[in-house]
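Chemist: Annotation source TrEMBL lists region 'Disordered' at B:1-34. Feature annotation from TrEMBL assigns transmembrane segment to B:61-83, B:133-151, B:163-183, B:198-217.
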Amino acid sequence: MGSLVGRNLLADAEPGTAPRMGFFTDTSVCIGCKACEVACKEWNAVPEDGLEFTGMSYDNTQGLGADTWRHVAFIEQDKPMGQADSDMRWLMASDVCKHCTRAGCLDVCPTGSLFRTEFGTVVVQEDICNGCGYCIPACPYGVIDQRKGDGRAWKCTMCYDRIGVGMEPACAKACPTDSIQYGPLDELRERAAMRVDQLHELGVDEARLYGHDPDDGVGGDGAFFLLLDEPEVYGLPPDPVVTTRDLPSMWRHAGMAAATLLGGLAAVFAVHGRAGGGR
Amino acid sequence: MNGPDTGGEDMREARVGEGTGRRRRGRGGRRGEKAMVPEAEFTSYYGKPILNPPVWKAFDVAGYFFLGGLAGAGSVLAAGAGLTGRPRVARALKISSLAALGGSTAALIHDLGRPERFVNMLRVMKPTSPMSMGSWLLAAYGPAVGAAAVLDVTGWWPRLGRAATAGAAALGPAVATYTAVLAADTAVPAWHEAHRELPFVFAGSATAAASGMALVAGPVGETGPMRTAAVLGTALELAASKALERRLGIVAEAYATGRAGRLLRAAEILSVAGAAGAVFGGRRRAVAALGGAALLAGSACTRFGVFHAGTQSARDPKYTVIPQRERLRAAAG
């Protein structure tokens with residue numbers, strides 16, 4: 001029973017049944033076509049969320065949210081790309097929910113609506129979510145958000161319905177360059193390490209992996225990336241930490257504060273004594 | 001996304017990617033807002049926030065922080081007053097705690113995206129979710145505070161009334177302080193980084209609010225202990241706030257600027273004025289009422305100020321990027 005409670009309520013990965021599945025997004029081959037954004041919206045019936053001109057290069061999508069589960073970032077830089085004969089480079093990267101090993105959204109969800117699937121992914125059960133909004137500021141990446149007019153929290157499910165029948169998620173399926181790769185996380189990590197080595201040999205020294213390390217602040221991401229610049233250039237946090245890592249300390253300090261309140265007021269009444277007896 | 005209350009943007013120049021030529025420039029020093037740390041350079045994606053800011057409504061959630069504190073500390077004061085022969089102020093505090101709890105529950109439900117599903121809060125019990133623990137805490141505290149008030153007013157079953165009063169007093173301090181954990185257990189820099197001090201800020205603020213309520217609603221002959229408590233609560237709140245600002249580095253800016261800065265300055269003035277009024281004129285009815293009202297207003301300003309400090313820090317990528325970069329640099333040695 002103890003293990004059942006622990007498994008259902010805490011954010012740790014389900015003990016191995018299926019292998020943990022994930023995304024490896026290799027931004028070095030992203031061509032910014034946004035097929036992933038479109039495929040995601042179509043497959044998951046995600047509503048339109050604004051058709052705004054931003055002036056941010058080719059990015060009018062702006063960022064992940066309740067109605068954007070894949071977001072292609074565009075960054076124009078005055079830097080050469082590897083040995084290419086150009087002094088300008090254009091970074092493109094398709095961002096997505098990281099499906100963290102230690103997921104803040106899942107930890108803080110008070111209803112149990114957010115849960116860990118048998119694939120190690122993190123999914124919202126929309127028939128349970130009551131729109132409390134706690135998961136939104138708990139996410140260190142700014143992924144999950146509240147859908148306007150609906151009230152509930154929404155995010156990438158890694159196409160839970162597709163992967164359950166052995167299909168790949170819609171974004172990975174639609175990606176024409178295999179920038180988005182779906183598969184068992186162990187395999188993806190091996191493949192990513194080889195790809196970084198290959199890019200370094202080609203002279204692309206700035207290639208680095210992001211979210212691949214199981215020892216990072218979120219226990220590693222189920223969706224990780226190969227980037228060509230610092231994470232914050234792409235709008236990603238450089239060193240995310242799951243907020244609940246500090247929760248024991250938070251409860252301890254709250255306990256001390258509560259004891260201070262109770263003890264302090266008890267002392268005040270003790271000093272003042274019974275009514276009419278002095279002050 | 002760069003809302004009008006994006007704190008401290010007057011001292012920053014965000015590098016957006018590199019060489020995009022798209023730079024956000026400071027608008028020159030705004031009145032009275034001085035940089036607390038030297039100008040820091042950092043990179044962001046077109047100045048966009050990294051976090052999705054909280055969708056909580058200030059009126060509901062900061063209002064809940066305030067009312068929860070008022071109810072919780074009020075229950076402790078009510079029990080103390082009851083035990084020391086101060087029945088009229090005890091009754092007033094029991095009623096105010098019940099009213100505050102009712103208001104805070106209504107605010108919490110109103111803030112839900114799907115209010116009709118509020119009972120899902122009691123679907124599981126989850127120690128990793130302060131909101132889950134808080135829901136169960138309120139589920140226990142609510143009946144106690146309700147019974148304490150109703151049985152006191154009606155005079156029915158005095159023994160049960162005393163038990164309910166004691167139960168509410170035992171749970172009250174938790175109700176007053178767990179909300180600090182609720183805020184801190186997020187990725188919001190100004191809340192998370194303050195997780196050590198915030199419960200003490202909330203405990204002090206709650207004590208000041210409940211003492212203020214006693215001064216407003218109780219007879220002056222019975223409020224001696226509450227006048228002392230008002231001073232102690234205010235002192236605790238101010239000391240914890242100062243400690244927070246000293247420890248937080250660049251993130252402390254979110255507490256000092258914009259709407260949060262204005263609210264927290266107002267809170268300081270109101271709380272100190274209220275505590276002074278309580279000490280020096282608390283035996284005069286009018287001064288006691290004014291001082292009590294100032295304490296209540298000061299506590300509310302503190303909670304709204306803390307709330308806005310959080311949203312300001314979530315909306316500006318510098319509060320996410322710079323501390324994380326510093327952490328990485330420190331880890332690299």
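One is the number of the first residue shown, and numbering goes on along the chain from there.
Glycine too: its Cβ is placed from the backbone N, Cα and C atoms.
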Chemist: Given the transmembrane segment (B:163-183), which of the listed stretches B:61-83, B:133-151, B:198-217 has the most Cβ pairs that are under 8 Å apart from it?
Modeler: B:61-83
Chemist: Report, as numbers and ranges, which residues of the same chain sit near the transmembrane segment (B:61-83): CB under 8 Å and 6 or more residues beyond its ends.
Modeler: 54, 89-91, 93-94, 96-98, 100-101, 103-104, 107-108, 111, 141, 144-145, 148, 162, 165-166, 168-169, 171-177, 179, 183, 202-203, 205-207, 209-211, 213-214, 218, 222, 225-226, 229, 233, 296, 299-300, 303-304, 306-308
Chemist: Would you kindly list the residues that approach the transmembrane segment (B:198-217) from elsewhere in its chain, counting only those six or more residues past its ends and only Cβ-Cβ distances under 8 Å?
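Modeler: Those are 65-66, 68-70, 72-74, 76-77, 81, 89, 92-93, 95-97, 173, 176-177, 179-181, 183-184, 191, 223, 226-227, 229-230, 232-241, 243-244, 271, 274-275, 278, 282, 288-289, 291-296, 298-300, 302-303, 306, in sequence order.
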